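Taken straight from TrEMBL:
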TRANSMEM  B:20-47  transmembrane segment
TRANSMEM  B:67-87  transmembrane segment
TRANSMEM  B:99-120  transmembrane segment
TRANSMEM  B:126-146  transmembrane segment
TRANSMEM  B:153-175  transmembrane segment
TRANSMEM  B:195-215  transmembrane segment
TRANSMEM  B:242-265  transmembrane segment
TRANSMEM  B:285-303  transmembrane segment
TRANSMEM  B:310-330  transmembrane segment
């Protein structure tokens with residue numbers, strides 16, 4: 001079956017979404033659709049409200065205005081336990097120290113399945129081992145959290161998401177702390193997950209990577225949605241320059257790799 | 001970004017869960033029986049060799065004095081250590097201890113106030129529970145309101161604890177009641193004192209508290225990751241906070257109503273256990289409660305015999321050992337920053 005031929009259903013529908021912090025509007029009047037079973041990238045300059053938007057999608061914060069619909073139903077009405085089975089969220093800043101080993105940490109991904117009291121079964125533990133293996137962490141699994149490098153913590157977070165196994169992943173700058181190889185491996189991995197039907201929404205800083213790997217892009221600037229759609233359509237020089245308030249141009253070269261040019265202004 | 005300066009290091013080693021647990025289970029009943037049947041010297045000899053015997057329950061010395069005292073030591077030690085392990089996760093701070101963050105002081109204030117009113121028996125552990133809960137809740141609220149990280153949480157707890165201690169001192173000072181005068185020795189942390197609540201009244205509170213904290217284990221592990229992370233894993237954060245505070249208050253309140261303020265057990269025992277089996281609260285809370293029971297039993301047996309015939313309050317002994325442990329945890333942190 002050709003996935004591209006089927007019009008993508010929205011996983012998330014955002015209606016006039018707004019978020020206030022005191023008197024300051026972090027997000028304002030966002031109307032958007034995030035397709036199901038696709039990779040959506042949220043891009044924009046610092047302070048544009050990308051992480052705030054991701055938290056609203058995860059239901060970790062309640063919007064001040066408007067609403068988030070997940071599969072057509074208001075996210076706010078979804079019980080917490082069900083939300084944890086539907087949505088996996090990985091924040092930007094992992095704790096610097098935890099009294100847990102890497103293995104204990106990844107094991108917590110089973111919390112939505114097991115509830116407060118359930119015992120992990122042998123297949124559950126096998127899933128944890130497989131997640132550790134897939135993110136190249138088997139050798140470090142007994143190390144304490146404080147001894148892990150930033151990259152290992154980032155990969156541990158992804159392994160925890162894999163164990164949690166929610167059909168939708170919300171990732172806040174998942175390439176943070178990752179070296180070039182692990183970034184490439186991560187994006188391949190995310191594409192493979194999407195090919196298997198997972199929906200991924202990621203806040204990304206790197207425009208060429210967003211353009212290369214994402215199916216759908218939301219471009220934010222100063223709390224507003226400036227453009228949404230396929231990368232080639234909505235990451236035009238005009239839109240990008242408006243978002244970043246700086247001359248920016250993004251284009252695919254002959255090999256299909258995206259190139260970025262950042263201009264100089266007087 | 002997290003600032004490394006303000007962070008305290010969590011002790012941790014790879015798990016040796018099964019042998020540790022088997023050891024604790026094997027040791028506890030035997031030591032308890034020994035302590036009930038003998039004084040310090042026979043205790044030491046009996047533990048070293050095989051020359052021990054069942055305590056003679058017909059002997060009034062055993063049934064009226066030693067056995068209740070041994071059971072109190074087990075209960076109080078288990079309650080304080082379990083509460084410490086849970087509070088450390090609740091406050092995300094390895095140095096949280098019911099005695100240091102004001103939970104025990106709040107309980108003691110409530111107990112003294114109730115004593116001043118002339119209510120005893122069930123009134124004592126109930127009041128202690130309410131006092132401990134209020135002080136924990138106040139600290140949780142204040143630390144979230146004022147922020148400022150882990151060290152400032154300890155300072156806030158210290159201030160709240162001092163406030164409660166001052167109020168307790170004022171109550172004792174103003175009272176000319178003999179009961180309250182004798183409360184001074186109970187307050188400094190003594191097992192087997194006649195001032196404290198009877199064990200039978202406090203035990204249900206302590207056991208309910210420990211059970212509640214055990215039930216919170218996995219939720220507390222998730223909460224360690226951070227509020228957003230915990231919520232994204234389906235943990236009802238506010239409810240877990242409330243239940244943990246209630247469980248810790250039940251346990252600490254019961255311990256304080258029986259034995260006054262015995263500091264540092266709640267910090268020492270969980271951190272030492274975490275070194276042996278990792279700091280995941282799901283295991284740590286109940287291993288800590290076993291180890292805490294064992295530890296306080298040993299300490300109290302020592303306190304009972306070390307200055308014989310004077311009965312040293314075990315709280316004083318803990319007051320000497322505890323700070324050493326505190327320094328050790330600080331050294332861990334200093335080593336990391338170096």
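Using the three backbone atoms N, Cα and C, a Cβ is placed for every residue, glycine included.
Beyond the transmembrane segment (B:153-175), the same-chain residues lying 6 or more positions past its ends with a Cβ under 8 Å from any Cβ of the stretch are 91, 93, 95-96, 99-102, 104-106, 108-109, 112-113, 116, 131, 135, 138-139, 142-143, 146, 181, 183-184, 187.
Among the stretches B:99-120, B:126-146, B:242-265, the one making the largest number of Cβ pairs under 8 Å with the transmembrane segment (B:67-87) is B:242-265.
Sequence-remote contacts of a segment are chain residues at least 6 beyond its ends whose Cβ falls under 8 Å from one of its Cβ atoms, and for the transmembrane segment (B:99-120) they are 83, 87, 91, 127-136, 139, 153-154, 157-165, 167-168, 171-172, 175, 177, 179-180, 183, 187, 197, 248-249, 252-253, 255-257, 260-267.
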